[in-house]
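Novice: Sharing a structure with you now.
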Amino acid sequence: MSSSDPKTRPKPVTRPPAPVPPSSWAKRTGFKPKFSGETNASDSGQIPLPPRSRENENQPDLEAGRARPVPPVVNGEQPVSEKGPAEKDQSVKKRREADGTNKGSSAAAANGHTVNNGAAPQPQQPTRRPSRNEDVVDVLPQNVDDEGFVGRHSHMKYELRDTPGLVPIGLYGFQHYLSMLGSLILIPLVIVPAMGGTYEDTANVVSTVLFVSGVTTLLHSFFGSRLPLIQGSSFVFLAPALAIINSPEFRGLNGNNFKHIMKELQGAIIIASAFQALLGYSGLISLFLRLINPVVVAPTVAAVGISFYSYGFPQVGNCLEIGAVQILLVIIFSLYLRKISVLGHRIFLIYAVPLGLVITWAAAFLLTEAGAYSYKGCDTNIPSSNIVSEHCRKHVSRMKHCRVDTSHAFKSSPWFRFPYPLQWGTPVFHWKMAIVMCVVSIIASVDSVGSYHASSLLVSSRPPTPGVVSRGIGLEGLSSILAGLWGTGTGSTTLTENVHTIAVTKMGSRRAVELGACVLIVLSLVGKVGGFIASIPEVMVAALLCFMWAMLAALGLSNLRYSEAGSSRNIIIVGLSLFFSLSIPAYFQQYGISPNSNLSVPSYFQPYIVTSHGPFRTKYEGARTWGLRMV
């Protein structure tokens, strides 16, 4: 006989043989928040709870979430009457009123209505989220409840081990990689010009990124997580790379700046990657994730996207009629045209970024050919310092940013080029830069674990085991070592857009990703492909990055749904972390460049020079000197 008081109820002797997975990706990866007491994604270990019913999962209970009452046993027993004394906690009382369901009312309960002793269904219980399947598949992988995610997407067209025909594999593999276009190619278009590289250098780095991405994806498919995930350059490495690029010791170089800085980046990435591989294969990553909860992950990942605000729209503003139109197109495709299906494929949802790029690029080409950006007597090939005419000086910036024929990367690129290790020279190792990259590798590992979790739920309806997580992170470290040896400028990690594409296309087979990786390797050997990608105007690159960095910030903040979002403690932690992630660099930025210095750094790169400047005010001169040397 069960009691109506949850505190006096006997604890269940045994749990069901197949318990419902926990409601948090952090718990599935070994997260036990012993260091933080305010998260509803954890188990206190004091009150054993049975699996929650499906209708109550969408009703967060912040006050009594740690001790939910156990439903009464209805095997022939009369449900306990709710006509008792008034309860102080109204939420507990409402749940008790829903405990009177019997076997005959299971159908009504499954539909979202709770039957109470044969009474009419209560109107406040219906669950509406399953009817909005189109909203489940967002750009970000952790935007829905985990149990609901499994239930809605467990049916895939092709499972993990399926081997469909060559034509389906080719089509799905092509669209999988095409949807990753932004993450695969945009980072080289940012860092190579910042290092002083030419158009030819940009094309070569793009080809190298494609080659390394194909090789590392094949390695992960066979020896890593074995999930249909694509490996590529991560935006997490971008800010530290820009900080290293804009260090004062590199701004004074005369010639060969690109190769010298690239060798420094290679050395830092190799050391950090070895550290990441050690974390993975030793199993330390599982122990480390116990210290990481959603309140820590959310502001960390969000700050990565927000920190690039100085590069985004200031670059788009150089040619507003092209950059702003591209941003609007991507937003329209991904939000308002997402339900449109062509031949069974939601092309606007899957290809929002590449479609926006192609349409805007075509429009810019027509404007260029029509002479909209042509001015009499002005030539974009002449350096700005050599332009004498005041009329040309006024329009030279607009011509360089709006015209699509200013880059000579496609013409100068060879038809065949094989990327090889150490193509930029022998890597240079400095411990200061290596420490920065080691911290970044930890952040990238946490982000990859979230991708493992979401994709594993999609293709196999179960979370990844600790062995899969350790093996995947370890191989990501080895993949980043390959990226450092070949010289991509950043490390290699799992692209989060994978989960979005898998959920939309229902393609969970590894074969599609493997075939696409082979095609990517072949394309990397064609030099004209890298030259064509390197010809994308900077304004269009900045417009795409505005959208993708905004999504990255939203991805980080979405992790707060696994915590007590209303907790004042969590609010303070997240708010201070986000605020100081922008305010502290702004404080150091004012000491970045001396007023009498002749060194010129673009305004959108100035936030990344703060690692080598800034005041450390203390009366101990030795500590101050040591602090300046540390940064």
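The backbone N, Cα and C atoms fix where each Cβ goes, glycine too.
According to TrEMBL, the protein has these features:
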REGION    1-134  region 'Disordered'
COMPBIAS  13-22  compositional bias 'Pro residues'
COMPBIAS  84-100  compositional bias 'Basic and acidic residues'
TRANSMEM  177-196  transmembrane segment
TRANSMEM  202-220  transmembrane segment
TRANSMEM  227-245  transmembrane segment
TRANSMEM  265-284  transmembrane segment
TRANSMEM  291-309  transmembrane segment
TRANSMEM  315-336  transmembrane segment
TRANSMEM  348-367  transmembrane segment
TRANSMEM  512-533  transmembrane segment
TRANSMEM  539-558  transmembrane segment
TRANSMEM  570-588  transmembrane segment
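Mind running through what each feature is packed against?
Specialist: The list of residues near the transmembrane segment (177-196) in space but at least 6 beyond its ends in sequence, with Cβ under 8 angstroms from a Cβ of it, reads 202, 205-206, 209-210, 213, 230, 232-235, 237-238, 241-242, 245-246, 257-258, 261-262, 311, 350-351, 353-354, 357, 488-490, 495, 497-498, 500-501, 516, 519-520, 533-534, 536, 538, 541, 544-545, 548, 605.
Counting residues 6+ beyond its ends, the transmembrane segment (202-220) has Cβ neighbours under 8 Å at 184-185, 187-189, 192-193, 226-227, 229-233, 409-410, 412-413, 417, 419, 423, 472, 475-476, 478-479, 482-483, 486-489, 492, 494, 513-514, 516-521, 523-527, 529-531, 533-534 in the same chain.
Under 8 Å from some Cβ of the transmembrane segment (265-284) lie the Cβ atoms of residues 237, 241, 244-245, 424, 427-430, 433-434, 436-438, 440-442, 444-445, 466, 470-481, 483-485, 487, 489-491, all in the same chain and six or more residues away from its ends.
A Cβ distance under 8 Å defines the sequence-distant neighbours of the transmembrane segment (348-367), meaning residues of its chain 6+ beyond its ends; these are 137, 175, 178-179, 181-182, 322, 325-326, 329-330, 333-334, 337-340, 373, 402-404, 501, 504-505, 536-537, 540, 543-544, 547-548.
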Novice: Does the transmembrane segment (570-588) come close to the transmembrane segment (315-336), meaning at least 3 CB pairs under 8 Å for residues 6 or more apart?
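Specialist: Contact between the transmembrane segment (315-336) and the transmembrane segment (570-588): absent.
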Novice: Please tell me whether the transmembrane segment (570-588) and the transmembrane segment (291-309) touch - that is, whether there are at least 3 C-beta pairs under 8 Å between them, with each pair 6 or more apart in sequence.
Specialist: yes
Novice: Let me spell it out: take the transmembrane segment (227-245), skip the flanking residues so only those 6+ beyond its ends count, and list any with a Cβ under 8 Å from a Cβ in it.
Specialist: 160, 176-177, 180, 183-184, 187-188, 190-191, 194-195, 209, 213, 216-217, 220-221, 261, 264-265, 268-269, 304-305, 307-308, 433, 436-437, 440, 443-444, 447, 451-452, 455-456, 459, 464, 472, 476, 479, 483, 488-495, 498, 502, 507-510, 512-513, 516-517, 548-549, 552, 605, 608-611
